[in-house]
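Student: Let me give you the structure first, and then I'll get to my questions.
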Amino acid sequence: MSSIRIECVAKEGCGIGESPVWDEQEGALLFVDITGRKVYRWSPVTRQAQAIPVDAPVSSVALRKSGGYVITLGTRFAALKWKEELITTIAQVDKDKANTRFNDGKVDPAGRYFAGTMAEEVRPAVLERRQGALYTLLPDLSVVKHFDQVDISNGLDWSLDHRTFFYIDSLSYSVDAFDYDLQTGKIGNRRSVYKLEKEESIPDGMCIDTEGKLWVACYDGGRVIRLDPETGKRLQTVKLPVDKTTSCCFGGKDYSELYVTSACFGMDKEWLSRQPQAGGVFKITGLGVKGVPPYPFAG
């Protein structure tokens, strides 16, 4: 095993840091602060993060083929032009629900933007159950709804052969798989590939490596775990110095660095004094594996 190193690289103190995405063109890491209502871009060269404030909880960010980014903002899919700090709404979901917001989102290998919703939290992970749904924003800017009755729509990614879609509804404490049709974007045959153990706590964001193994951030578990979706076995645990690890992605020049976002929402002063880096972004090196570059939204 190579020696694993963990470093807090962006000390932004995010309420809920989420959705890390590597932007190869900029050589920078994108991420969001849901409760802080900001989209960040952190440069490993300057070691500084630029932030763009937004008008609603922003829960995910993705690259866009035509330039700029796409984000999930409140219950809207929106476009973000970074230089101009310009945000325009593309589509809205959950129009019949006053109390939901988008959560995690990611683009599939064909350029469709998948993202799901959840009820607004009363306290961390405490919310009205089964209010969320999973949606896709298609390249023609229309929206498809896959299913509802979701608690906290979270981590998502695709297998290396693009035939399986992996998905987390956090309060099920399970990482699920669906058969995936890349031509149509349709999903089916849902099954659980991994059930979290008690000390792993709540499954949150997720990404895949070039060996087809999944990395899952464990909210309140203070760790990321590496899973084999074929065998349902946990292969590795990497503990972090903060409890509320929220999501992860691979980045850096050769996608060998694992970036992990975290949260401080709901932590009291005493807890924060023990974990001063809560809400920061961590870089893990020396894992000996690489990740898959993110796909841009094709619309």
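Each residue, glycine too, has its Cβ placed from N, Cα and C.
Reproduced below are the annotations present in TrEMBL:
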type	residues	note
DOMAIN	16-263	domain 'SMP-30/Gluconolactonase/LRE-like region'
BINDING	Glu18, Asn154, Asp204	divalent metal cation binding site
BINDING	Arg101, Asn103, Glu121	substrate binding site
ACT_SITE	Asp204	active site, proton donor/acceptor
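What's the neighbourhood like for each of these?
Tutor: Long-range C-beta contacts of Asp204 (divalent metal cation binding site), restricted to its own chain and to partners at least six residues apart, with a cutoff below 8 Å, comprise Asp104, Asn154, Gly155, Ile168, Ser170, Val216, Ala217, Cys218, Tyr219, Thr245, Thr246, Ser247.
Take the CB of Asn103 (substrate binding site) and look out to 10 A: across all protein chains shown you find 26 other CB atoms.
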Student: Rounded to the nearest angstrom, how far is the Cα of Glu121 (substrate binding site) from the Cα of Glu18 (divalent metal cation binding site)?
Tutor: 15
Student: Sequence gap of 6 or more, Cβ distance under 8 Å: name the residues on the same chain that satisfy this around Glu121 (substrate binding site), in order along the sequence.
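Tutor: Listed in sequence order: Leu127.
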Student: Across all the protein chains here, work out how many other Cβ atoms are within 10 Å of the Cβ of Arg101 (substrate binding site).
Tutor: 22
